[in-house]
Amino acid sequence: MDEAAVQEAKLLRQVNALIVAHLRGQSLGQAAAAVAAATMTPLSAADSVPDNHLLRLVAKGLAAERAGGAASAFDSAGFGGVVPTLGSSAVDFSVQDARGSSKSFPKHEARHVSDHKNIARCAKFSHDGKYFATGSADTSIKFFEVAKIKQTMAGDSKDSSARPVIRTFYDHMQPINDLDFHPESPILVSASKDNTIKFFDFSKTNARKAFRVIQDTHNVRSVCFHPCGDYLVAGTDHPVAHLYDVNTFMCYLSANPQDSSSPINQVRYSCTGSLYVTASKDGSLRIWDGVSAECVRPIIGAHGSAEATSAVFTKDERYLLSCGKDSSVKLWEVGTGRLVKQYTGSVRRQFRCQAVFNETEEFVLSVDEQNNEVVVWDALTAEKVARLPSGGTGAPRWLDHSPTEPAFVTCGSDRSIRFWKQTV
């Protein structure tokens, strides 16, 4: 019994050190100091804990717990959940008033890879960067394989199998608003103005229709899978995000909506699923606890009275990048809601669009409607480092960057889809 007590005490000390390190990593220094003092945990013990170690352990534990329970609908099809890969930010945004020279954005070449029959409204890369899909006002979804696009760009287009569009899905009655890929299964999900969320299995070469459908009560503006793949959060014309269990289609709403009264333009999970963010038409951002669905950080008027059109977490979950129709891109500290940086000098007032990081988080990319360009900033210095003519006849409406390599896709008003990759 004495040995058991000793082991339990050692474990408790480890847990306390993990909690202190986690709080410090979330920029909650006062809370970390209070826990350290209350549990008599030396701060030196927390110094040796790797970044996000507690989150990694919790993610693994939850995955093991799910594995011991009933198999989900996707598990039974041969696809399991995934423990999210946690990355640390390539850029230390905690550095205040960064000085010095900005990084140069590498040269990129673009290829016009396809067209929709109407405005191309959204684009999304898969988590492994092997595929991307685009959604249009013509109600169709085009599905692309990145390797085949690269073949055509390298001059291998004589091979008929190298056609970059490998599938087109037709199953919506109104325009597509957003897309997302399941973190593990070959499943693409779409959100539409027809009040539906549809699931497409892209492993089946002949499939053109959805194999599952969620009927929502509102225009579905945005969708995002939880990193475990078992849940899907949707932003709609309703002011509160709709959280769906993808196996039962049960819908859950937060009991603490924080007086939100405006439609949600975009919703995105953090890489561990511990948080999600909503960007609303009233210009506000709200950060929500990914487990309890409680609002933990409202940022009211983040983009003034203009619409907040996008929001995405950094890989370390400490910061949030947002974009709005006030023509600003802003970086916020998650722990405090403090504005850290602004990326200015491009115009976005008419269309719903987004700002994104590149795969290393060293650069921020968005679009300039007025000059029909892709604009790139150094993420740390906030200096504009590139302006890339879009190549289209109309302003780009959407941009998404590959999570794994220096490549991105643009699409927009001229119905065209362009793939950009770094030149050697």
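Glycine is no exception: its Cβ is also placed from the backbone N, Cα and C atoms.
TrEMBL annotations: computationally assigned, not manually curated.
What TrEMBL says about this protein:
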{"type": "REPEAT", "residues": "113-154", "note": "repeat 'WD'"}
{"type": "REPEAT", "residues": "169-210", "note": "repeat 'WD'"}
{"type": "REPEAT", "residues": "257-298", "note": "repeat 'WD'"}
{"type": "REPEAT", "residues": "313-342", "note": "repeat 'WD'"}
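Remote same-chain partners of the repeat 'WD' (313-342), defined as residues 6 or more beyond its termini with a Cβ less than 8 Å from a stretch Cβ, comprise 25-28, 51-52, 86-90, 93-94, 268-272, 274-275, 277, 279, 283, 285, 287, 297-299, 302-304, 306-307, 348-350, 352-357, 361, 364, 366, 377, 379, 382. Here the repeat 'WD' (169-210) has long-range neighbours at 74, 77, 79-82, 84, 118-119, 121-127, 131, 133-141, 143, 216-225, 227-229, 232, 234, 244, 246, 266, meaning same-chain residues at least 6 beyond its ends whose C-beta is under 8 angstroms from one of its own. Summarising model confidence by region, the repeat 'WD' (313-342) averages a pLDDT of 95. Residues in the repeat 'WD' (169-210) partition by DSSP class (helix H, G, I; strand E, B; coil) as 0 helix, 20 strand, 22 coil.
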